[in-house]
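Working notes for the structure below.
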Amino acid sequence: MPELPEVEVSRQGISPWLTGIKVTRVVVRDGRLRWPVPGEIQELVDLTIHRVSRRAKYLLLETDFGTADLHLGMSGSLRVLNIGTPAEKHDHVDIELANGKLLRLNDPRRFGALLWTREPAEAHALLAKLGPEPLTDAFNAEYLQGRAKGRSTAIKTFLMDNHVVVGVGNIYANEALYAAGIHPKRAAGNISAERLETLVAEIKRVLASAIQQGGTTLKDFTSADGKPGYFVQQLQVYGRGGQACFHCHTLLSEIRLGQRTTVFCSHCQR
């Protein structure tokens, strides 16, 4: 599943081709995605995309009269191609542009989405109650301590709640907790301010590094130019259950926590 770094890499890849460009045509081959693609998406035609932004894992194509909201779901990907490039299996939507390019959404598992809203993007029901972006100053140790106070929820589950902070998905929660030396099952409200400060710093470092490396390619994700992400080569714990910890050589434990695979070092993480 594409997480925040993968979505940000996609945003960076498509933005130069879309920003300041008029939409000439929207082709919906199969609109049966997570939510049906609305007929109103055709309102995008003849509008100029002024900005390609991201909120959590949503990509926002912003115009003066509305916003197209894209979500990649479990297996979605975007490509910038020349108009006329033949569609392949699972190529569900094309947004054709006045510069001769098109933005193509491919989604084998159909958990992605393409929505249209005339209201400000941040006011949309899917976005309005989300927590802060993890790479902004709004996400800091003081904020996290305030949200965690009195909470018995496991810290990993707590971090993956997008009402607390967006974009800290399973891969990066595993990696950040390992880097911070915090056991994933430790109660969120039972972590000192000093350790939370370390955790926040590691979340920011891990996410920024993943973006710089083009994301993590485990199965489905490739960037807008079709290239894989290389952060997989830097994973310390995720996907390595039963293998030796790189630091202390203890065999890494693998459990299910909040219905998600969780890998940690019982020696290094407390």
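Glycine too: its Cβ is placed from the backbone N, Cα and C atoms.
Noted in Swiss-Prot for the protein shown:
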| type | residues | note |
| --- | --- | --- |
| ACT_SITE | P2 | active site, schiff-base intermediate with DNA |
| ACT_SITE | E3 | active site, proton donor |
| ACT_SITE | K57 | active site, proton donor |
| ACT_SITE | R260 | active site, proton donor |
| BINDING | H90, R109, R151 | DNA binding site |
| ZN_FING | 236-270 | zinc finger |
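Mapped onto this structure are the features recorded in Swiss-Prot.
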{"residue": "P2", "record": "active site, schiff-base intermediate with DNA", "CB count, 10 Å": "26"}
{"residue": "E3", "record": "active site, proton donor", "CB count, 10 Å": "21"}
{"residue": "K57", "record": "active site, proton donor", "CB count, 10 Å": "22"}
{"residue": "H90", "record": "DNA binding site", "CB count, 10 Å": "16"}
{"residue": "R109", "record": "DNA binding site", "CB count, 10 Å": "14"}
{"residue": "R151", "record": "DNA binding site", "CB count, 10 Å": "17"}
{"residue": "R260", "record": "active site, proton donor", "CB count, 10 Å": "16"}
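The average pLDDT the prediction assigns to the zinc finger (236-270) is 98. For the pair formed by H90 (DNA binding site) and E3 (active site, proton donor), distance between Cα atoms is given as 20 Å, rounded to the nearest Å. Nearest by CA distance to R109 (DNA binding site), out of the active-site residues P2, E3, K57, R260, is P2. Those residues noted as binding DNA (H90, R109, R151) have their most widely separated CA atoms at a distance of 42 Å. When the Cα atoms are compared, the residue listed as 'active site, schiff-base intermediate with DNA' and K57 (active site, proton donor) turn out to be 8 Å apart. Recorded residues K57 (active site, proton donor) and E3 (active site, proton donor) have their alpha carbons 7 Å apart, per Cα-Cα distance. E3 (active site, proton donor) is 14 Å away from R260 (active site, proton donor) when you measure Cα to Cα.
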